[in-house]
Amino acid sequence: MGTIYLFRKTQRSLLGKLAQEFRLVTADRRSWKILLFGAINVVCTAFLLTWCSSTNSMALTAYTYLTIFDLFSLITSLISYWVTMKKPSPTYSFGFERFEVLAVFASTVLAQLGALFILKESAERFIEQPEIHTGRLLVGTFVALFFNLFTMLSIRNKPFAYVSDAASTSWLQEHVADLSRSLCGIIPGLSSIFLPRMNPFVLIDIAGALALCITYMLIEINNYFAVDTASAVAIAVMTFGTMYPMSVYSGKVLLQTTPPHVIGQLDKLLREVSTLDGVLEVRNEHFWTLGFGTMAGSVHVRIRRDANEQMVLAHVTNRLSTLVSTLTVQIFKDDWARPVLASGTMPPNMLNIPEHHVIQMPSLKSTIDELNPLTSTPSKPSSPPPEFAFNTPGKNMNPVILSNNQMRPFGVGYNYGTTPYTTTFNQGLGVPGVGNTQGLRTGLTNVANRYGTYTPGQFTQFRQ
């Protein structure tokens, strides 16, 4: 039998969770204005789609897609209000700011997909151009233009405002900027209006309405229906060119990349951190954009053994907090170990020294372990104590004991016979032609002491 839960917590459905979050957003009065504009947008879009069907105009359909994009921007603004109300949770420890980025990315990508659909339909119309009815073409153009401008200028959309300023300029903005400079050279008084970077959404709304007005005039004068398809292609290309830089910027934020314009500032701050008192090395640094205008990062700092961890942590956080709002700093103390040779009383099983050879093994630490890891910041070597040295056995390394069961004459001090090669490494120094020596013979017995902890002859006892 399974475990019986008397008060089991009920699982809410997805619709129930969405309804709960929607009630949380609507509790704020600032969101009522967004909801009102959203309702008007749905009604206006429905009328425009009906007029697109009655006029059979592909250009008006492409322009109506901008009204649908306005609906996505209103939803993004609503998500922005929701993010400000939510607090970080165990699942989303950095907060919910990335939902804003995801909403902007989804809105711009959907707008580009709509532009590609218009290009596909326009390519089919170039083969067989249908007749265009201009009865409601001009009315639909001005209704869409008025509503788009009114929505963009009335609702403060923080995510799209940040992306439009931070992303690279579109080709439409660059061409308009060139024309504005030429115009301001003739009329200097217009420099305050045209020279600043224009809002890309307002620019595409005006450019699309201008293309529809030209289409209306050419169809009314010459019945030139192909201009409607050409205007649809122009509006689709302008839409794609305007949305592409924003989707690229928001996509890079979702991929947790570091903005190029702050890399130099971060390198300067990391160099300042590496020169702080007690800091030996700064490594494993990683910084990324958490949301629009907020950065997060993590860094590992290696400090001296005698340094104050809290003081170093406070200084590092103070230096990096100017750019990184959410920062994780891990402090590591310098991990050097003092090597000490084995000293002390001899084990009982080593009293019969002539039956054993004690060979001190070299250090198992390789040269690769002594190298500092490559980091983007310079490391400062620590100052080891005078008795510290590399490639020496540690204090916890026991000597290796190899048994020697070869018979020897009792009571004779030295045997001057010739040692065969088969017994070279059983007794003595292992040099051919040298007699068998009794007792302990290693390469270190007659060497002067370097470390002060090993005394010659400590283990060299003889049994007479």
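One-based numbering along the chain as shown.
Every residue, even glycine, has its Cβ placed from backbone N, Cα and C.
What Swiss-Prot lists as topological domain 'Cytoplasmic' is 1-33 (among others), and the listing cites sequence analysis.
Annotation comment: Swiss-Prot describes 34-54 (among others) as transmembrane segment.
The topological domain 'Extracellular' annotation in Swiss-Prot covers 55-64 (among others). Within the same chain, residues 45, 48-49, 115, 118, 121-122, 125, 130-137, 140-141, 144, 208-209, 211-212, 215, 228-229, 231-232, 235-236, 239 sit at least 6 positions outside the topological domain 'Extracellular' (55-64) and bring their C-beta atoms closer than 8 Å to a C-beta of that stretch.
Look at Swiss-Prot and you will find 65-85 (among others) tagged as transmembrane segment. Nonlocal intrachain contacts for the transmembrane segment (65-85), taken as residues 6+ away from its ends with a CB within less than 8 angstroms of a stretch CB, comprise 21, 24-25, 28, 30-31, 34-35, 37-38, 41-42, 44-45, 48, 95-97, 99-100, 103-104, 106-107, 110-111, 114-115, 118, 144, 147-148, 151-152, 155-160, 201, 204-205, 208, 239.
Applying DSSP to the topological domain 'Cytoplasmic' (86-98) sorts its residues as follows: 1 helix, 0 strand, 12 coil. Look at Swiss-Prot and you will find 86-98 (among others) tagged as topological domain 'Cytoplasmic', backed by sequence analysis.
Here Swiss-Prot flags 99-119 (among others) as transmembrane segment. Non-local neighbours of the transmembrane segment (99-119) in the same chain are 58, 61-62, 65, 68-69, 72-73, 75-76, 79-80, 82-83, 159-160, 163, 232-233, 235-237, 239-240, 243-244, 246-247, 250-251, 253-254, 291-292; each lies 6+ residues outside the stretch with a CB under 8 Å from one of its CB atoms.
Looking at the topological domain 'Extracellular' (120-134) alone, the prediction's average pLDDT is 87. Per Swiss-Prot, topological domain 'Extracellular' is recorded for 120-134 (among others), and the stated evidence type is sequence analysis.
If you look up Swiss-Prot, you'll see 135-155 (among others) marked as transmembrane segment, on the strength of sequence analysis. Beyond the ends of the transmembrane segment (135-155), by six or more residues, the same chain brings 33-34, 37, 40-41, 44, 47-48, 51-52, 54-55, 57, 60, 63-64, 66-67, 70, 73-74, 77, 199, 201-202, 205-206, 208-209, 212-213, 215-216, 219 to within a C-beta distance below 8 angstroms of the stretch.
The topological domain 'Cytoplasmic' annotation in Swiss-Prot covers 156-200 (among others), and the record cites sequence analysis as its basis.
What Swiss-Prot lists as transmembrane segment is 201-221 (among others). Outside the transmembrane segment (201-221) by six or more residues, the chain places 57, 59-60, 62-63, 66, 73, 132, 134, 137-138, 141-142, 144-145, 148-149, 152-153, 160, 164, 172-173, 176, 227-228, 231, 234-235, 238-239, 242 with a CB less than 8 A from a CB of the stretch.
Within the same chain, residues 57-59, 61-63, 65-66, 108-109, 111-112, 114-116, 118-119, 121-122, 125-126, 129-132, 170-172, 200-201, 203-204, 207-208, 211-212, 214-215, 218 sit at least 6 positions outside the transmembrane segment (224-244) and bring their C-beta atoms closer than 8 Å to a C-beta of that stretch. What Swiss-Prot lists as transmembrane segment is 224-244 (among others).
According to Swiss-Prot, the topological domain 'Cytoplasmic' annotation covers 245-464 (among others), on the basis of sequence analysis.
For the topological domain 'Extracellular' (120-134), the list of distant contacts is 54-58, 61, 216, 219-220, 225-226, 228-229, 232-233, 236: same-chain residues at least six beyond its ends, Cβ to Cβ under 8 Å. Sequence-distant contacts of the topological domain 'Cytoplasmic' (156-200) (same chain, six or more residues past either end, CB-CB distance under 8 Å): 73-74, 76-77, 79-80, 100-101, 103-104, 207, 238, 241-242, 244-246, 248-250, 292-293. Helix, strand and coil residue tallies for the topological domain 'Extracellular' (55-64), in that order: 8 helix, 0 strand, 2 coil [DSSP].
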